[in-house]
Amino acid sequence: MINNSLKITDLPNNERPRERLLRYGSEVLSNSELLAIILRTGTLHENIINLSSRILKESGGLNGVLNLSFEELKKVKGIGNAKAVQILALGELFKRFKAYKSFESVKITSPKEAANLVMEQLRSFNKEHLYVIMLNTKNIVIKISDVSVGSLNSSIVHPREVYVEPILKHAASIILCHNHPSGDPKPSNEDLNITKRLYECSKFIGIELLDHIIIGDGIYISLKEEGLL
């Protein structure tokens, strides 16, 4: 079956978004042109530039279209399953990038907020990673560091590796976060032993250990909330 959808390559060279991006840089392209590069093809009666422009207009702009559900996207004329999935993937990447880039100046007031801050990164790893969230006196995030990779045990996780950067950053407190690749956040005996050891060290160092959060597959356990810290 012949694909009659109008493609970017069907447009004149000076109107093709990809060529314009390569020649002038991505910053000069409009939102509709950038979306056209992602979606690639138009419909039988509408080229991709016009389609992208209409999608943005009918959805209330870039923020609007990136927050639509699959069902809502499918209601927009010209969007089928493939284009809806492409837009959903683009929106999710944008959300993850925004969360990753904007963690600084975030104030942590609950274990849930701390877990949400690192959930997407930690749940994607197939090995255990130990993150240290460093906070100032107002519980605002200074930095997040990945200090250990591999199964958590006392021979690998040394207090020196955990506390050296918080000391250099003048952190007032820290929150430990690590993942269980199995998806089950239930703490192991080793998790509890390491937490106890690091908590005792925090008393001498003067940097308070507020919590140890274990990340599973979209779920978490706070040792503080469980009364284990």
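The backbone N, Cα and C atoms fix where each Cβ goes, glycine too.
Record check, Swiss-Prot: Zn(2+) site residues include HIS178, HIS180, and the candidate from ASP191, ASP211 also listed there is ASP191. The number of other CB atoms found within 10 A of the CB of ASP191 (Zn(2+) binding site), across every protein chain shown, is 22. The Cβ of HIS180 (Zn(2+) binding site) lies under 8 Å from the Cβ of GLU128, LYS186, ILE214, ILE215, GLY216, each of these being in the same chain and 6 or more residues away along the sequence.
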